[in-house]
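Participant: Can you read through this structure? Questions will come right after.
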Amino acid sequence: MLQQVPENINFPAEEEKILEFWTEFNCFQECLKQSKHKPKFTFYDGPPFATGLPHYGHILAGTIKDIVTRYAHQSGFHVDRRFGWDCHGLPVEYEIDKTLGIRGPEDVAKMGITEYNNQCRAIVMRYSAEWKSTVSRLGRWIDFDNDYKTLYPQFMESVWWVFKQLYDKGLVYRGVKVMPFSTACNTPLSNFESHQNYKDVQDPSVFVTFPLEEDETVSLVAWTTTPWTLPSNLAVCVNPEMQYVKIKDVARGRLLILMEARLSALYKLESDYEILERFPGAYLKGKKYRPLFDYFLKCKENGAFTVLVDNYVKEEEGTGVVHQAPYFGAEDYRVCMDFNIIRKDSLPVCPVDASGCFTTEVTDFAGQYVKDADKSIIRTLKEQGRLLVATTFTHSYPFCWRSDTPLIYKAVPSWFVRVENMVDQLLRNNDLCYWVPELVREKRFGNWLKDARDWTISRNRYWGTPIPLWVSDDFEEVVCIGSVAELEELSGAKISDLHRESVDHLTIPSRCGKGSLHRISEVFDCWFESGSMPYAQVHYPFENKREFEDAFPADFIAEGIDQTRGWFYTLLVLATALFGQPPFKNVIVNGLVLASDGQKMSKRKKNYPDPVSIIQKYGADALRLYLINSPVVRAENLRFKEEGVRDVLKDVLLPWYNAYRFLIQNVLRLQKEEEIEFLYNENTVRESPNITDRWILSFMQSLIGFFETEMAAYRLYTVVPRLVKFVDILTNWYVRMNRRRLKGENGMEDCVMALETLFSVLLSLCRLMAPYTPFLTELMYQNLKVLIDPVSVQDKDTLSIHYLMLPRVREELIDKKTESAVSQMQSVIELGRVIRDRKTIPIKYPLKEIVVIHQDPEALKDIKSLEKYIIEELNVRKVTLSTDKNKYGIRLRAEPDHMVLGKRLKGAFKAVMTSIKQLSSEELEQFQKTGTIVVEGHELHDEDIRLMYTFDQATGGTAQFEAHSDAQALVLLDVTPDQSMVDEGMAREVINRIQKLRKKCNLVPTDEITVYYKAKSEGTYLNSVIESHTEFIFTTIKAPLKPYPVSPSDKVLIQEKTQLKGSELEITLTRGSSLPGPACAYVNLNICANGSEQGGVLLLENPKGDNRLDLLKLKSVVTSIFGVKNTELAVFHDETEIQNQTDLLSLSGKTLCVTAGSAPSLINSSSTLLCQYINLQLLNAKPQECLMGTVGTLLLENPLGQNGLTHQGLLYEAAKVFGLRSRKLKLFLNETQTQEITEDIPVKTLNMKTVYVSVLPTTADF
């Protein structure tokens, strides 16, 4: 049953009801069942950690995924949607370390790995319930029951298989490399992890001296921002090709050597130093210097504390002398290795432990955290006379993405996957992927791939998938395990879990006589696990082998732009290494969601609203649409603003809901008042003659076509603005322009066509918007589907809108010419509105004329066809169309496109710009025709110049106009005041106040009311306006309008005082209508004969009770009144022809159709009299004079629209009704005969009133 739609809606509350509906009918699982045998659409969901609550970044990516997978399902695919959880790695361990106060490996050793991992396992799914609640509340359909977790043994086994494939291909090796190292997490990070969290920091900036052994009065000067690396210094490096100088420091009296180009780093003035010698850097090669500290003097045997040369030393910063600590800098390591200062088998000079503290080798600073030791080191250098300058330096520095602590660079033995040798293949596979936006593939991701480095996959941690390598003590024998079965076979143990506590103790017998092989201690980088998820989530290749291979690569993935150096990268590396192909076909990359001030969202700073509170306040649909309709979907950043979500609710969802509500209201009215059942069947809907119907249907089909194209290309950022714009077009244009039609004011046939059009468009819009706003579309659909003719339904199951397939384009409905015509009309109306706003003239006040000037006669022809809408929307009396600019003083002027021309013309732009602005109207008219013009020797085209119209108000005869234009048209609006128009405007203000009170009372159009009014004092301007516009007001509000006093018997709904143009107006609405209705039985008539159509009324009795009309007389009266001649008439009610024996009184209030014989196509059945009327009450006739009756009805017009009755005619017709044509009468508005109807009261103001008829006495009466 069709439900009435409330005026006010609580979107979050309604969404909760929809969630209950989905749960009750298990809608998500049901849709998966329905699509089971359809083609597969493969989707991979990147696994988040459940150790924290979902934030806006998760919500955004989840919304994109939900939209695309819903779209894929509704496009005819089967889409498995499994949620995944990242359970291992630093995020989990860091939480445990904080909770338990664990500071390093020693603390874990004391606790034991078994207990440590049990602690980690206990918190892995800490917030899983909150995740499930939030994700579900957002409307995302995804399978939590069939999820995957990286801690499942099956998942871990597949990760082992992936690793073994790489190992067998020779892509895995062990090496020492200077890596980003997290001292808080006690583990190295990969290069891409270290790039995820840069911050601007202030570090020490020190200039240190290195006296030469050959002459200790001369010192090299090196610069560093990491003083803590100086105790590990083994060399300095200079550029062999750059110019170096020996100078005398005037103030200090010291002899120093540095790069000439870097003198400014130490000295502001040239007078501060004296250059003694110049020489290339190569001159310094091999010179020895005195070490800063004596901790590693033994390294001198290998050539340490020597000047080395390498071109990596640049002139952009420092002194051109770079201090080398090879185990704390990648370039330092390379250069020292090249000069044999260190070797692969050297004992590392790396006196810093996993927690970032100096070891006992550095005796002066042992146990100090390196960053804290900076001050102590600087103080020691100063005391030793080795410090030249100490300041601070602000620069961008990497922080640990998990612990948010500064990283250090440190050499550690690690396991690597060779990536550098597959860069070309990675780039080729990247080119096979479709990226949205494409720029990410070409720039950010492509550039990252070009510089890809070997991937450190090992972590010196505990809670993770163990790397399945069993090795001999000397690492010469290595066995890589690829499955549980293989390990069971080689170790002889039964295995149920693969975490460290379950496998670390297992040994494998050596095949080379090296005793037992033990597993290495490292676990996998958690990115290796997430990069393996396509295989591991289905336990490939141990299970689902064919299913996986048939569905690989994935059709679609989506994540944030930060994943270009994370999940996107690891997916591509592993798929390329394993199969030589990309892991996905299509990817959408979103930007970052920032706080409103542009800063990163921070729980500590509390600079963003809680997502759950936003959903509770505005609903999930509003949040989804806000995020998706923003730059963030184009991989740009979004500054999250709560008011943006509120505006989506206000500007999109609410107007859309109101259009839906308006449709339902009028369908219910149609059923209640006209007894017409509304059922929509797109196969039987007739083509509407109304141009706006054809336009909105065409516009919708164009939108569907656009939607298909852009969604297939994953361009959500183009689709959403068009959908939102369509909501605006539908609500602010179509519904607004057709309100009267939809209410039935233009006849029922036209009303039904308008309702069918609105229904069709709303249903199609709901189907298109279902992936984007799943809640509101479901809410609307559950009511709309009641009105769909079951015969027309093609989908097998129509319970939910999300079961329906997306609409397909109906080419036969597309009419580009009509779309263009309406677009022209909209431009005119919008230009007119701008003028009204500029002059502060409300739309309620009518204006005389609008002039539309356009160079294209075809455009004016289009505008002409829609003239009545311009009149209604702009409230003007007359539309004038013209191509004659000169008549109205219109000139063309030009403005250059600064961005386009400035970029192209560069220095010549200024002269060209000046000349463009000086082009004459005649020159620009020629440019309009040809599309090209030469200015200052440069050929310019349409895209280079913007043309605009200008209006000279002083030109003769146009002073009353105000103008506004766009690139195509100019409109002139006559804004001179006119009293009749001002009066009408005031009457519209009264209507506005009445309708607002109706809204306050939550009344619907079918609710009967009476409106009472009282102006401040009788005889005022406001009072006279209301009295003279009573009919106009009544026609609009569809309720009787009466002056005070309010009848004591009336039930008052609302009473309010308001100010109108300085006058006070009191309005009262009461329950029920006091309209008397026609006193006599009547039928409405539609006359369709002789090629014309007319409307009118026939009274079946008059006075009441005097029934003399049968079918034959009815046809005769029709022939007489409506001028239908020489035609054999047939009369129909609905589709049934009326016969002679039909009791006409039984048809009272119905609409009959009179034709030339054929049955009508559609009958309007209205219970409201089509023509204006008054009821008559005879007061004082003698009994013998009123044998015909004392109550009658008089039609003020018939046929419809012909109402020329005068006061004398009214007296004559009243006497005629009662058979009193020989008597003189007086007419009154009240029974007490105190308000006589005289000639100065317009007859049309009496519509629907009761007129009291008094018979004047004659001499015979005395």
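Cβ from N, Cα, C; glycine included.
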Participant: Out of THR1058, THR1136, THR1238, which residue gets the phosphothreonine annotation in Swiss-Prot?
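Facilitator: Checked Swiss-Prot: the phosphothreonine annotation sits on THR1058.
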Participant: Quick test of your reading of Swiss-Prot: among 600-604, 880-884, 1105-1109, where does it put motif ''KMSKS' region'?
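Facilitator: Per Swiss-Prot, the stretch marked motif ''KMSKS' region' is 600-604.
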Participant: From SER630, SER1047, name the one Swiss-Prot lists as phosphoserine.
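Facilitator: My reading of Swiss-Prot gives SER1047.
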Participant: Which residue range, 48-58, 444-454, 972-982, 1137-1147, is the one Swiss-Prot calls motif ''HIGH' region'?
Facilitator: 48-58
Participant: Among SER219, SER521, SER1049, can you tell me which residue Swiss-Prot lists with the annotation phosphoserine?
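Facilitator: Residue annotated phosphoserine in Swiss-Prot: SER1049.
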Participant: Let me spell it out: for each of the modified residues (SER1047, SER1049), count the other Cβ atoms within 10 Å of that residue's Cβ, using every protein chain shown. Which one has the most?
Facilitator: SER1047
Participant: Of the modified residues MET1, SER1047, SER1049, which sits closest to THR1058 (phosphothreonine) by Cα distance?
Facilitator: SER1047
Participant: How many whole Å apart are the CA atoms of SER1047 (phosphoserine) and MET1 (N-acetylmethionine)?
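Facilitator: Cα of SER1047 (phosphoserine) to Cα of MET1 (N-acetylmethionine) measures 38 Å after rounding.
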Participant: Give, as a single whole number between 0 and 100, the mean pLDDT over the motif ''KMSKS' region' (600-604).
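Facilitator: Here the mean pLDDT over the motif ''KMSKS' region' (600-604) amounts to 73.
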Participant: Return the residue, from the listed modified residues MET1, THR1058, with the maximum count of other C-beta atoms within 10 angstroms of its C-beta.
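Facilitator: That would be THR1058, with the highest Cβ count within 10 Å.
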Participant: Across the motif ''HIGH' region' (48-58), what are the DSSP residue counts per state (helix, strand, coil)?
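Facilitator: Looking at the motif ''HIGH' region' (48-58) with DSSP, the answer is 3 helix, 1 strand, 7 coil.
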Participant: Tell me the Cα distance separating MET1 (N-acetylmethionine) from SER1049 (phosphoserine), rounded to the nearest angstrom.
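Facilitator: About 35 Å separate the Cα atoms of these two residues.
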Participant: Where does SER1049 (phosphoserine) sit in the DSSP three-state scheme?
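Facilitator: Note: SER1049 (phosphoserine) is coil by DSSP, not helix or strand.
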